[in-house]
Amino acid sequence: MSDQSEYKISKDDEHSIYASEINKEKLQNTASPDVDYGDTASLKIDPKVEKKLLLKMDLVISPIIGFLYLMAFLDRSNIGNAAVAGMTEALSLYGERLNVAVSIFYVLYILVETPSVVLVKRIKASRMLAFISFAWSMTVLFSGFMSSYGGLIATRLILGLLEGCLFPALNLYLTTHYTRKEQCQRLSYLFASAGLAGAFGGLFAYALEQVHAGNKEGWQWIYIVEGLVSFIGVPLCLFALPDKMENAWFLTREEREVAIIRRDINARYHGEQHFEWSEVRKAFKDPKVYVSATSQFCADMVLYGFSSFLPVIIKGLGFVGLQTNYMTIPVYIAGVISFLFVAWLSDRTQLRAVYLISASTVVAVGYIIMLASDSNAAKYTATYIIAIGCYIGPGLNLGWLNNNVAGHYKRATAIGIQQTLANSSGIVAGQIYRSKNAPKYILGNAFTLGCVIVGGLAYVVMFFSLRYVNKKRDERCARGEFDPSAIGDFADDFRYYL
């Protein structure tokens, strides 16, 4: 599907867009100054060298961004573990106070996503991520010293403000250094980190709950220790995460040359390197951004709700305490493995919609079982069915948007818009999955099932809309009709991923 998923180009454009040669002057102007590239008049990409380059990028970049997102996910979700470990009594979290504290995290979280992601390129990703990591680690650390409900609300707001800048920045970073056909697999590593946090976060918290030292209770040590561990991300970002692959410390001279050629090949995808408000406005006016945001909202509802009712169902099977945590592990692992495989397959086939629609169908079946059955065994089986598709939806849909928005600042804005609207589902989930509705959570599960159906329909709308545009562009190109004023993903030679 190469023609259907990349730019179609004219012969005159071949050198500037998809050439395998790059001139010496460009290399010397953009590459690391400590490398002498010699005669590079006819450089070509060696597949073996590119394979080594990608492997090295994966081995360095993926663990760093995976660690950041894993800790961020732990730090935002540890409120539930802390509440069980004694924070409820210590801070008087009675009535709906805990639900409010959970939901209020997303108020500033969703407000900062769009403006922060636009700033990534101007600030440099390594510096921005290091600052975010430092600030949120400090916030989590000092959460261990809270003494009132007001203090909890304040720390949740600050944490939301900081973590709202994180995920869009990580996602945009991946789109900067990986090609369109490589992105979903790498994005799956981020969601795998979230799954691992869900699988083992409870065990980690359980171990910390047993600590009673320094006049601190177990719930306080959860915050203190997790905050300290999060600090590891600061030096990793500052000293190990490259802003430009042509200057990456872990690449050889030959691999840096290939990195430069890859960047040149994808020049039109990355678009204008200087900030322009017109690119921001294009994102706000693009209908596909809002269709994507709608389906992302629906997919995120599954994620946020899933983590709420899973422990309750397992407790209903007769398991208690540490046993409950053990029983959640295989469910989360099933979700992680499923998404890693589907993301790899999606990049391999360069298809998106077919996997998203299939995942929605699977998740819907799981929720129907959850609502229709009174058997805890059947409900536990349903959690596996839901887990198989719950990461595919938000992960692959975000990757689909990444693929189909060209121009760095337009794409950055589109990511911010999508994530802002989608993460408002966190506020909703905190209100429809209430403890008084346990263990059936009929309201929450029924609402989420409705979201799954709406999200699936949004995927269908997106697929047929993009296929129609691709077909029309094929026809115009066949007639030799090109609109020279159309740029980015609106250009006649741009083909959307389907």
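Glycine residues also receive a Cβ, built from the backbone N, Cα and C atoms like all the rest.
Database features, via Swiss-Prot:
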type	residues	note
TRANSMEM	54-74	transmembrane segment
TRANSMEM	100-120	transmembrane segment
TRANSMEM	128-148	transmembrane segment
TRANSMEM	150-170	transmembrane segment
TRANSMEM	188-208	transmembrane segment
TRANSMEM	221-241	transmembrane segment
TRANSMEM	302-322	transmembrane segment
TRANSMEM	326-346	transmembrane segment
TRANSMEM	353-373	transmembrane segment
TRANSMEM	381-401	transmembrane segment
TRANSMEM	446-466	transmembrane segment
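Highest Cβ pair count under 8 Å relative to the transmembrane segment (221-241), across stretches 100-120, 128-148, 150-170, 302-322, 381-401: 128-148.
Same-chain residues lying 6 or more positions outside the transmembrane segment (54-74) and placing a CB less than 8 Å from one of its CB atoms are 129, 133, 136, 163, 166-167, 170, 173-174, 177-178, 182, 186, 189-190, 192-194, 196-198, 201, 204, 226, 229-230, 232-233, 236-237, 240-242, 245, 248, 250-251, 255. When Cβ distances are compared across the two stretches, the transmembrane segment (381-401) makes no contact with the transmembrane segment (128-148), since fewer than 3 pairs at least 6 residues apart fall below 8 angstroms.
For the transmembrane segment (150-170), the residues of the chain that approach it from at least six positions outside its boundaries are 65, 68-69, 72, 75-76, 79, 87, 91, 93, 100-102, 104-114, 116-117, 120, 125, 128-129, 132, 135-136, 139-140, 142-143, 190, 412, 415-416, 419, 423, judged by C-beta separation under 8 angstroms.
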